[in-house]
Every structure is written in structure tokens, then in C-alpha cells.
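Data block below; observations after.
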Amino acid sequence: MESVIFSINGEIIQVNKEIITASPYNFFKRIQDHHLKDEAIILNGINYHAFESLLDYMRWKKINITINNVEMILVAAIIIDVPPVVDLCVKTMIHNINSTNCIRMFNFSKRYGIKKLYNASMSEIINNITAVTSDPEFGKLSKDELTTILSHEDVNVNHEDVTAMILLKWIHKNPNDVDIINILHPKFMTNTMRNAISLLGLTISKSTKPVTRNGIKHNIVVIKNSDYISTITHYSPRTEYWTIVGNTDRQFYNANVLHNCLYIIGGMINNRHVYSVSRVDLKTKKWKTVTNMSSLKSEVSTCVNDGKLYVIGGLEFSISTGVAEYLKHGTSKWIRLPNLITPRYSGASVFVNDDIYVMGGVYTTYEKYVVLNDVECFTKNRWIKKSPMPRHHSIVYAVEYDGDIYAITGITHETRNYLYKYIVKEDKWIELYMYFNHVGKMFVCSCGDYILIIADAKYEYYPKSNTWNLFDMSTRNIEYYDMFTKDETPKCNVTHKSLPSFLSNCEKQFLQ
């Protein structure tokens, strides 16, 4: 019986010539055309046992592929050009991809030009980017490869601070490519992380590129009323889905988002004032009732800062209160601050540089009802008076933008809405052009380059150009609307001394 002789790494395999003749694959057809009878055909880059497995496949149309031998069989099948075995091997590898081997498979797919495996391994890296940073192969990714991964719209990061930590870990292994830091969008980062990067001697250039990472974009939480029950829904920019988080039967409450949880504060249930504060985790949808506030109240003003929820003023039955208190996220004790100079409800409160500003609202007793224009600032553990608003307003919505305050007023006694800018450093109010008039609830959020206003429609106000955009949107029955970025970055005053500890804490929190 005639045989064809193959030499692999010095080992000899004799193959029945009939198997070679019957083979439909190009490699063996070329052997039929050019093989000289007494010469051994030398095969380079192929494993001896993998070649035996291919010969078994040609004889019996069966092959034993496992996670342990798949790579060597796939390499042999590519070199010998046996497409059915290539497909079987690729399917096996894709089926077994996980966060611990996806970078290795990614590199393997590039080396041998396997598109399906490349796409599957890239998808695994994108979905598990924080986990794969622990792989020793992570630091060997090229600058262009990591840029492609982190620029993908579906990369699984929920805050730009996480992106920053991924880059810092890679830069530690690739110090000559520090300019990759410029893929960051500083406006989506916390001040703490920006300060840390600056202390490392790195400079992030102002980016004009569009934001591609959906996960760092603003989440949305909306509460809509229907038949006395309000439904809470959450929109994730990464999944692009709305999900129902739960329901609440409160009225006249306030709400705010802190550490990816929605807090629902005070208000009334069945026409009775309540002390309680409920919290729902927007990711797990789990509810928790946190410690009661110091008193029964509705129509409070709330703001958040440094992991704390602040509740200011409100209406205790028919009397406005000056109580100010805060609850640190994850704790169970309310801490009292000094009372407001003027008790009020329905005013606005906002943080600027760790100081609280409270403005407008209503002061009421059993005998009095006074619409306010005064402004108070809590700084150095006391309330002080600031320049009053140009007019008296019972309802005020306010946000901080670029170190100043922008306030929009509601309509009750007034005949129109007003837009003001409070210049903090000058203690000065100026009136700006107001694009619309709306009777009813409004919701105001600071969103990077613009301020979002939800009223009878969706409005975007751009402070730097003093211009407006209008978008049609159904706002019927909306009781609460907020946009937020997920923020779990450890808060601290970052200095050269505390920098290593801060970065270590961030790595433990974000990348492990």
C-alpha cells in the first residue's frame, strides 16, 4: 500500500495515499499534483497530534475537540485548510470564552485572522472590561486596541472615573503612551478623579470628539402618576431600555438620586404627613425604608453632596419649618444642621463649592403667608443672608452650572416664568431670556454643556451661548424627572500624600 510521508518536528507520519487522493481539501490536492514519491513532506507550525486528529477527521468525519486541544487543532486546520474543522474549533472557542481568557483569544484571533473569534472575544472584553484588567495580558494590548475597546458604545463602564482607572492601570505598563488619557471626557468625571490625574502629572486635553461610551451618559429616572399610584421607571443609556423599578403611593414628596439609589422623602400618604424616607436601588430594584426624619413634613427641598442627602425646610401641617438635616448614604442617623434664618417650603436648594444655597419659597404660619425672595447660604456651619432674588417667587427650581446658580421660577401668583443667573463670586443676580411660559411642575437638571428643563416639553438651555433648543415630549402626569451619572468614586481631598491610597481604593472598588 503506497503511503505519503510527513515530517513534523522530526517525527514521521505515514498516510495512506488513498486518503490523500480522496481528500477534497486544497492542501492535499496540491500534494497529489506535486508530490515526489520518496520525499518526506515537512510541515512547519503544526502539532503532531493535531495533524493526526485532522487525518482522523478525513477518514471518519469525526474529531475530538476539547478546550485543551482546540487551539493546536485550529492552527493545523488553518494551515492545512480544512474549513469544517476550522468552523468546529471556532465554535468551541467561542462557546468557552470568559473574562479570564478573552484577551488571549482576542490575540489568537488577530494572529490567524479569525473574524468570528475576533468579534466574540472583543464582545467579551467589552462586556467585562473591569474584570479583564486583572489579566496579565491586559497591559500588552496596544494603544490602538485599548482605544478601540474603550471607544465602543457598549463598553461596560458606568462612569468616566472607571474609564480613567482602566487607563491608569494600562499606562503603568505602557508609560510611553500616556497620551491615551486624552480619550477621557473630563466633564463626565468627578473633581476628585480629575485632581488625582493632575497630581500624577497627566493632562487631559479638551475633547471635541463625541461621547461614544453609552454607559457614562446620563441615566434618567422618572416618576409618573396614574390613579393615585406613581410608577418609577429608570432608563439606562447603555442598554437603551426603560425598566419599571417600583411604585409609590405618596403625594407632595420630594425625591433625589444618591449613589445610584432613588430617595423618596416625606410627603403625604392618604392625606397624612409622613416622617419616612424610602430608598430604592435603581440597579437591583430593592426597596429599603431608612431612618425617619426629625418631623412630619411635605414639600421639602433636597440636594445631595459628598454622599449625603440634605433635606431643608418643608411644610409641617400648615406651618413652614426651618429644619435642615442630612443623612449619609448607607447610615441610619440624621444629623441636624442649624435652622434656616427664615422657615420655608417649596424653595430651591443647591450646592456650590460645598456651600448650600436656599432661595425663594413660602413662609407661612396660621396667620401669615409670605412669598419669599430671600437667599440664604450655609457656610462654615452657619446660615448667612445673600443678595435676594429680583422678585418674590413661591416656587423655584435651581441648578449649579460652572460654579454659578441658574434658577427658573414656577407660576402660582406670578404671571410668567423667569430665568435668573446668580453669580456666586459677586453675590449678584441677573435676569436672562426665558424661552417659554408653563403653568405646572418643572424639573431642572445640569447635563454637562446644557441645562435640561422638563415642562410642557423638553428644553435645553445652553448658558455659554444663552440659547435654547426645544424638543417635543409627552410630560403628562410626570411627578419627578432627573438625569444623573452613576457615581461611586470614593470622596476625599486628594493630595500627593493621599493619592496612592485613593487610587488603591478606586482600583479595589472599580476593577476587582
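Cβ atoms here come from the backbone N, Cα and C positions, even for glycine.
Taken straight from Swiss-Prot:
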type	residues	note
DOMAIN	2-67	domain 'BTB'
DOMAIN	102-176	domain 'BACK'
REPEAT	216-261	repeat 'Kelch 1'
REPEAT	262-307	repeat 'Kelch 2'
REPEAT	309-354	repeat 'Kelch 3'
REPEAT	356-403	repeat 'Kelch 4'
REPEAT	405-449	repeat 'Kelch 5'
REPEAT	452-498	repeat 'Kelch 6'
Within-chain partners of the repeat 'Kelch 5' (405-449) [C-beta distance under 8 Å, separation at least 6 from its ends]: 187-188, 218, 348, 350, 352-353, 357, 359-360, 371, 375, 386-391, 393-399, 455-457, 459-464, 466, 468, 470, 478-484
For the repeat 'Kelch 1' (216-261): best-contacting stretch of 309-354, 356-403, 452-498, by Cβ pairs under 8 Å: 452-498
Counts of helix, strand and coil residues, the domain 'BACK' (102-176), according to DSSP: 55 helix, 0 strand, 20 coil
Helix, strand and coil counts within the repeat 'Kelch 5' (405-449) (DSSP): 3 helix, 20 strand, 22 coil
Segment confidence, the domain 'BACK' (102-176), expressed as mean pLDDT: 95
For the repeat 'Kelch 2' (262-307), the number of residues DSSP places in helix, strand and coil: 0 helix, 23 strand, 23 coil
Residue distribution over DSSP helix, strand and coil in the repeat 'Kelch 4' (356-403): 0 helix, 26 strand, 22 coil
